Amino acid sequence: MDTIAAISTPMGEGAIAIVRMSGPEALAIADKVYKGPRGKRLSSVDSHTINYGHIVDPETEKVVEEVMVSVLKAPKTFTREDIVEINCHGGLVTVNQVLQLVLREGARLAEPGEFTKRAFLNGRIDLSQAEAVMDLIRAKTDRAMNVAMNQMEGRLSSLIKRLRAEILETLAHVEVNIDYPEYDDVEEMTHKMLIEKATKVKKEIEALLTTSEQGKILREGISTVIIGRPNVGKSSLLNSLVHETKAIVTDIPGTTRDVIEEYVNVRGVPLRLVDTAGIRETEDIVERIGVERSRQVLKEADLILLVLNYSESLSDEDIKLFEATKGMDIIVIVNKTDLEQKLDLDRVRELAGNQPVVTTSLLKEEGIDELEEAIQSLFFTGAIESGDLTYVSNTRHISLLHEAKRAITDALEGIENDVPIDMVQIDLTRCWEVLGEIIGDAVHESLIDQLFSQFCLGK
């Protein structure tokens, strides 16, 4: 492989920016541009050390930057190749000059995710662990981070590898029974034993799939839409959950004329929170566009926060909102309880049915804890708090687990219906192969390229 380089820190002004190199020539290229105290060369220093010096243009001998350089020698590195990380002062100009120097001296600009891709190709991590790296970067809550970290450390991989080993052992027994039935010392694989082994695998796959709904929520967030008539407190609710002013809060109906989106961490549950324009009939063209967008995001939401005004009677528009959200997960929020009551709460609870109704005074910051509790209990039963964080959150993994379940189910049905054993072998083999795709065994190169292209440069 050639030697790659990229800036591995976010672009912009900051304390430190890092240019990362990985590959067989990383140390040689670094030696060309690095000038250390008393002529020290990076290729001769100990591995896993950080070294003070300067980056110098070898053509002009001009000092470009004062740096600290980390040297990590193969194979005990993330990519299992030699890695050099040049720690520069933050800023766009100097870090780009350093990058251009190492590229000129023989490195190639890395593609997005190429460092992690090399870790996968060199056997440092499997595909599910590589995908977990991106999940860790994108985690919006502590829970999401813990799930990604467990997957990155190989928890899911170990489980998948164990299942595959059990299937392979079963296949080997079946093969021996078919090819060498005359040997007395070969354990006979009876139908009962086959059913027991296949059922065990199926149950473990199903157990993983039961975590997928919560896992996807932790990974992708709950698409949550705040709806209600204008000036009932939707923007105040958004700001209370986000803890900063994102939307304009005024007494003028129709102030929010567009869709405002923000990620919110509610007790470890990531909400992709959308504040919509008030849904009402209006002659204002700009507001009407916002109302239409509100109706569209409403259709795509996982959770609806329907806000009502405690100080106003239930209107036809409120009732229409209840009708529009029938069959959806909603939490009804009765706001402005600091004002005189005019809302019929019994009627509201009747319209809400089994859905939670929470009373709040966002002005006085009352009722927020109850709302957060309602959100958490609606999506999580408490199992998420346990130490077992082997959650399946990746859509690709979930799809493959469903396919593996179908294959093992077909194998079980075949055994129970006395189909020829070689047909059962086909289904067992298919299950084994599909599970292997989760960790990267027998995955098409185009899929690998597509997965790693989603990473940022320098990772």
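Placement of Cβ uses the backbone N, Cα and C atoms for every residue, glycine included.
Taken verbatim from Swiss-Prot:
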- R20, E85, R124, K459: (6S)-5-formyl-5,6,7,8-tetrahydrofolate binding site (BINDING)
- N231, T250, I252, T255: K(+) binding site (BINDING)
- 231-236, 250-256, 275-278: GTP binding site (BINDING)
- S235, T256: Mg(2+) binding site (BINDING)
- 221-380: domain 'TrmE-type G' (DOMAIN)
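Structural mapping of features recorded in Swiss-Prot.
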residue: R20; record: (6S)-5-formyl-5,6,7,8-tetrahydrofolate binding site; CB count, 10 Å: 25
residue: E85; record: (6S)-5-formyl-5,6,7,8-tetrahydrofolate binding site; CB count, 10 Å: 20
residue: R124; record: (6S)-5-formyl-5,6,7,8-tetrahydrofolate binding site; CB count, 10 Å: 18
residue: N231; record: K(+) binding site; CB count, 10 Å: 20
residue: K234; record: GTP binding site; CB count, 10 Å: 29
residue: S235; record: Mg(2+) binding site; CB count, 10 Å: 23
residue: K459; record: (6S)-5-formyl-5,6,7,8-tetrahydrofolate binding site; CB count, 10 Å: 19
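For the binding site of (6S)-5-formyl-5,6,7,8-tetrahydrofolate, formed by R20, E85, R124, K459 according to the record, the largest Cα to Cα distance is 19 Å, rounded to a whole number. In the three-state DSSP scheme, S235 (Mg(2+) binding site) is classed as helix. Taking N231, K234, S235 as the binding-site residues under consideration, the smallest Cα distance to E85 ((6S)-5-formyl-5,6,7,8-tetrahydrofolate binding site) is found for S235. A gap of 39 Å separates the Cα atoms of K234 (GTP binding site) and K459 ((6S)-5-formyl-5,6,7,8-tetrahydrofolate binding site). If you measure from the Cα atom of S235 (Mg(2+) binding site) to that of R124 ((6S)-5-formyl-5,6,7,8-tetrahydrofolate binding site), you get 47 Å. Geometry remark: K459 ((6S)-5-formyl-5,6,7,8-tetrahydrofolate binding site) versus N231 (K(+) binding site), CA distance 45 Å. Mean model confidence of the domain 'TrmE-type G' (221-380) amounts to 77 (pLDDT, 0 to 100 scale).
For R124 ((6S)-5-formyl-5,6,7,8-tetrahydrofolate binding site) paired with N231 (K(+) binding site), the C-alpha to C-alpha distance reads 55 Å.
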